[in-house]
Amino acid sequence: MSERAPVVTIDGPSGAGKGTISQLLAKHLGWQLLDSGAIYRVLALAAIHHDVELENEESITLLASHLDVKFLTGNEKDPVQVILEGEDVTTAIRTQECSNAASKVAAFPRVREALLRRQRAFRTAPGLIADGRDMGTVVFPTASAKLYLTASAQERAQRRYNQLQDKGFDVNIERLLAEIIERDDRDMNRPVAPLVPAENALVIDTSDKGIDEVLELALNYINQKLSSTN
């Protein structure tokens with residue numbers, strides 16, 4: 001890890017636009033990309049591929065320490081492309097089996113510690129865009145610039161509804177809204193690493209803003225922060 005490599009953290013709730021803005025920033029700046037929300041799913045899939053028992057904390061921790069994963073800028077359908085051991089697993093990590101397995105491996109404290117170190121190892125030159133929920137508060141507390149994207153629960157539910165409809169899923173928007181509100185409450189009130197803006201983060205409400213406007217706000221802020229540290 002290079003402590004000198006700049007890192008920009010982008011935190012916020014699901015559906016606020018973190019994934020889209022993160023990959024656009026990474027592409028624009030030519031920086032590395034970290035999608036921390038996918039990392040437990042990637043680890044779970046690696047365990048399944050290597051026939052590692054999900055209940056074996058020692059084996060899962062070892063796997064986490066050497067996890068061969070890359071995040072690449074993708075396209076409009078999948079903003080972030082996830083590569084595990086050279087294989088595109090962007091779709092594979094979204095299965096229910098993988099989701100259930102991710103919940104199991106995430107319960108181990110040693111696994112969480114190993115993945116924390118693994119995430120910090122993404123901080124390499126020329127820089128890193130880190131997308132998540134506790135990037136600016138826990139993983140990279142000394143980040144060069146910190147952003148927190150948010151939007152109303154109704155707007156985020158509508159975005160998720162449109163996204164799933166485009167992929168051919170039959171979904172209920174009221175159920176999506178209820179799930180988002182429930183997850184917000186859980187994430188914001190959990191005792192460890194609650195979902196809150198970092199103390200010195202720029203908060204951007206994306207509810208009534210287009211992608212280009214949010215990107216411009218983010219870039220202006222990042223450039224300002226980077227120029228003040230040089």
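Glycine is no exception: its Cβ is also placed from the backbone N, Cα and C atoms.
Positions annotated as ATP binding site by Swiss-Prot, on the basis of sequence analysis: Gly12, Pro13, Ser14, Gly15, Ala16, Gly17, Lys18, Gly19, Thr20. Taken residue by residue with DSSP, Lys18 (ATP binding site) is part of a helix.
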Those residues of the chain, 6+ apart, with a Cβ under 8 Å from that of Ser14 (ATP binding site): Arg156, Arg160, Ile180, Arg183
Other C-beta atoms that fall within 10 angstroms of the C-beta of Lys18 (ATP binding site): 28
